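Asker: Here it is: the structure, laid out below.
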Amino acid sequence: MAEEDYSPLYQLRRDSSLLGTMNKILVANRGEIPIRIFRTAHELSMNTVAIYSHEDRLSMHRLKADEAYVIGERGQYSPVQAYLAIDEIIKIAVKHNVNMIHPGYGFLSENSEFARKVEENGILWVGPSDTVIDAVGDKVSARNLAYAANVPTVPGTPGPIEDVAQATAFVEEYGYPVIIKAAFGGGGRGMRVVREGDDIEDAFLRASSEAKTAFGNGTVFIERFLDKPKHIEVQLLADNYGNVIHLFERDCSVQRRHQKVVEIAPAKTLPVEVRNAILNDAVKLAKTANYRNAGTAEFLVDSQYRHYFIEINPRIQVEHTITEEITGVDIVAAQIQIAAGASLEQLGLLQEKITTRGFAIQCRITTEDPTKNFQPDTGKIEVYRSSGGNGVRLDGGNGFAGAVISPHYDSMLVKCSTSGSNYEIARRKMIRALVEFRIRGVKTNIPFLLALLTHPVFMTSECWTTFIDDTPELFKMLTSQNRAQKLLAYLGDLAVNGSSIKGQLGLPKLHKEADIPAITDINGDVIDVSIPPPDGWRQFLLEKGPEQFAQQVRAFPGCMIMDTTWRDAHQSLLATRVRTIDLLNIAPATSYALHHAFALECWGGATFDVSMRFLHEDPWQRLRKLRKAVPNIPFSMLLRGANGVAYSSLPDNAIDHFVKQAKDTGVDVFRVFDALNDIEQLKVGVDAVKKAGGVVEATMCYSGDMLKPGKKYNLEYYINLATEIVEMGTHILAVKDMAGTLKPTAAKQLISALRRKFPSLPIHVHTHDSAGTGVASMVACARAGADVVDCAVNSMSGMTSQPSMSAFIASLDGEIETGIPEANAREIDAYWAEMRLLYSCFEADLKGPDPEVYQHEIPGGQLTNLLFQAQQVGLGEKWVETKKAYEAANRLLGDIVKVTPTSKVVGDLAQFMVSNKLSSEDVERLASELDFPDSVLDFFEGLMGTPYGGFPEPLRTNVISGKRRKLTSRPGLTLEPYNIPAIREDLEARFSKVTENDVASYNMYPKVYEAYKKQQELYGDLSVLPTRHFLSPPKIDEEIHVTIEQGKTLIIKCMAVGELSQSSGTREVYFELNGEMRKVTVEDKNAAVETITRPKADAHNPNEIGAPMAGVVVEVRVHENGEVKKGDPIAVLSAMKMEMVISSPVAGRIGQIAVKENDSVDASDLIAKIVKAE
């Protein structure tokens, strides 16, 4: 080349070269070690050459070299074979005037043929000669070397073994345990420990096979295995003139599968005399072998501090970095200069001058998943943020955002080395450094390394070679939450596909953060709500207990209020969609404004499953956070008796377990009811609350208008029911009017009669304002002697919700005290007025009161949900017809008490009737042939208890004949108790961080809980995301502030949404996260939609089975040509919360299945065809 063709950098290095013409080095390796060598080579003013396989063409080591060349033609070599292609690598070196080749570690670093051919081509080999590699690289030859040097070794075969018979003979002489090792190579491959009772033949064959695959040579030998030894290695340097020094030792005892994980220099626990003996023996071995360049002598030290030589590694080691940190010697620089002819003395490397300073620790950060037996993980690194700072050294390879981790190579991502003046300082620096890493997109072993570094045994550096295998608690790790990237994944999906929250119509109308109103005292001064609130009724309850609490409530000179805004109000108006973050925002203000309230109803009922099912939130986390924010007001929850918060009966111990968890987490008052007013069912919940120490508010459900002549639920019925409840035992008696059919006159009669009957018992009344008479009815209750009534703040009251709090307070002004200043109720309401805008997309569009409720009796909480469900299954335009069908369905079922879950039975049957155009007469006539919704079958089976007056016959018999049994006792008595420890063990095996709360959730809703956990794995904790950003696609360039924990806020900005990838159906969504560019890949669900026209079933042909209504096929239970009997299940259909089994109307053979699982179907779509049996 002409002078002007050289780069300025080349000329600079040429002019400052330390090695003269020996100034170009090729590293025959990949990953981090070439980069490490290049850096030292550049310090020596050398030019560097990288080689790479086709699969490695984007690897970082290629970019760090001055020149880089691909190995062979594309497809000529496999990804690993490329780095083993001796002739091809030498060809590249010769062609490009390379003076030296450094092999790194692994691959060809211990291949004597490669070393020989390098030197035969006039290139300097940075390492020991080929003859020395042969003498020490073979473990059997190394043992012979030890005998010659009079260095102790572990008892083993004098040479390689060729068959299992030789292995068996060795065991017979020396006993178990033994270890079978590959004679060539290292890194833990080709090793098998065999203990008494193990299959030695299998171990021999596996070790030999693995060695052949990894090193091209399946030769193995066998030796005695030492239990719990330490692995100590000595770093050696030798020049070409017979001089050998050591750079002290490293403790490499922390291993997995014989591969080092963490290394320490120097060894902390070695006695001085043992250390000196090992160091002397290492030097003696190197001199005996006429060793040259860098190498490592490895020893085992048993519990009696006896040391045994095991091998010499004739190459640089992965962990050489920590020796460099404690000695200050650049080992790679010494290697290169020794290869160029320098002596140790010329390099200033004399033994008496080599000292250690402090301690150093190295951790190998790998892309492995410790929870899956360290299974290597592959994929693209989405985020890479490394550590640094004082005492931290990083030696990395492909650690950068966008790097693709392939399955072809070693899983090591980066080596992190820390140093300090003592072991403890180095250990703490390592912990700090590991915590600083942020690696997303692939799993890493960082959580495991942190568990290891904080284990008491590691803290004392007493580890042994099988420490990891012997210490299962190391796998109880604090895993990375990956919160930011998961939130971006959710926002990215929202940007591409829009909101997936069920029931959402449109977007929120509030486009800013809601204002938190100021709360004033009686003098009009603004209260600082950031300081702890004043004591409320909860402090009295905690101090005195439930009995005296109830007595004090009864003694209150007026009528107290329970605010339902946090539960039933938004269930009734907004389909239970209000999120935890919006409750927390107003919680401090509420703790002051309502501190004299009887309670806040905030948990249980439908809010429990909806929070997981639709809001992707943990209901227990909601309860804990609210309890912390409002410590002074009692919390009330809705408990469905023997159902807990589920829709059918559960084993009694599941109810006990759930209630205890609820009480311990923050619930004070338990409003316990049974949907059929079945005392036996009610008692299960009541007893559970008593055991847990909560306030029992046993409840009778008010159904219909008791003033209507001939109504079976009349005043006498309620007095008799209340008497049974009181005899059972309760702290408070509650009346729950779910539909708002308690008229003022009826309220006066009922509460007056109860007060006369039970003068010392507190009475609590709940209603809905569906007919517009709620305030009048609650005023009548207060005047008749009720102690507590339910209200909601003004903006969350009325219609299907509870009566207005302000209206109730105003109606009693000057007559009956409520304890809540009306001004404070109005102040709080300002916030909830904005919440109605924020959650406008869930409004049921109810325009005003509906006195028709006295006819259809649909509970307020259900009416909104029922309207949503009707819209979801295509019955939105038939809402008036659905309400009439609800009346008819109620009559068919025997005029039952309607509250969850029985109200759901009536609603499901009503939708079923409308969808299939069935009249009451049709249902009664065709009952034995129809595929009723599961909830209807559950009811008639008796899983919800027994209705007052019994089941309607013969309808019950016809509906469940051949499908269900008839229960004649309480359902819970027929259920096996849950094995709660076993359930927890199962959940722990499937999900991380399982608590007793999780077990309780799973017991209530197994499928919902599992779906929630899967959603959480995808998107993390979404409860921290502000609601308008949870429901609306992010706007370009709009900042989103998300506080994920105290003092930690993410600032997110959506920058762009990429074009659709036609091959994958995905889009890239680009974000700024705290000013750093991030990218997520999102499936465009609209791009993958296919329009499918399904055939309809012939309604007049019993051999064609159609979908009874629109929904999703969740299960297909038959296969084509399979035999079926009449009544056998064909498929399961789901529509919102309703599931139904579609059964065969005839016996025969399945001729065609027209659907598969997860298919969406419309009413009458063909499900299957039956070939009728002859």
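In case you wondered, yes, glycine gets a Cβ from its N, Cα and C as well.
Dumping what TrEMBL says about this protein:
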- K139, E223, H258: ATP binding site (BINDING)
- D568, K736, H766, H768: Mn(2+) binding site (BINDING)
- R640, T900: substrate binding site (BINDING)
- 21-473: domain 'Biotin carboxylation' (DOMAIN)
- 143-340: domain 'ATP-grasp' (DOMAIN)
- 1096-1171: domain 'Lipoyl-binding' (DOMAIN)
Asker: Counting each residue once, how many in the domain 'Lipoyl-binding' (1096-1171) are helix, strand and coil under DSSP?
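Answerer: The breakdown for the domain 'Lipoyl-binding' (1096-1171) reads 0 helix, 40 strand, 36 coil.
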Asker: Whole-number Å distance between the CA of R640 (substrate binding site) and the CA of K736 (Mn(2+) binding site)?
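Answerer: Counting only the Cα atoms, the answer is 12 Å.
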Asker: When you measure from the Cβ of H766 (Mn(2+) binding site), which residues in the chain that are at least 6 apart have a Cβ under 8 Å away?
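Answerer: Residues satisfying the criterion: T564, D568, R671, A734, V735, K736, D737, V789, D790, Q802.
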Asker: If you measure E223 (ATP binding site) to T900 (substrate binding site) at Cα, how many Å is it?
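Answerer: Roughly 71 Å, rounded to the nearest whole number.
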Asker: If I take every residue in the domain 'Lipoyl-binding' (1096-1171) and average their pLDDT values, what number comes out?
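Answerer: Here the predicted model's pLDDT, averaged over the domain 'Lipoyl-binding' (1096-1171), is 83.
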Asker: Would you count the other CB atoms within 10 A of the CB of E223 (ATP binding site), including those on all shown protein chains?
Answerer: 20
Asker: If one measures from the C-alpha of T900 (substrate binding site) to the C-alpha of H768 (Mn(2+) binding site), what distance in angstrom results, rounded to a whole number?
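Answerer: Here the two Cα atoms lie 15 Å apart.
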Asker: Look at the binding-site residues H258, R640, K736 and tell me which residue has the greatest number of other C-beta atoms within 10 angstroms of its C-beta.
Answerer: R640
Asker: Between H258 (ATP binding site) and H768 (Mn(2+) binding site), what is the CA-CA distance rounded to a whole number of Å?
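Answerer: So the alpha carbons of H258 (ATP binding site) and H768 (Mn(2+) binding site) sit roughly 69 Å from each other.
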Asker: Using a 10 Å radius around its CB, how many other CB atoms surround D568 (Mn(2+) binding site)?
Answerer: 30
Asker: Just name the most isolated of the binding-site residues H768, T900, going by other Cβ atoms within 10 Å of its Cβ.
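Answerer: Each of the binding-site residues H768, T900 was scored by Cβ atoms within 10 Å; lowest is T900.
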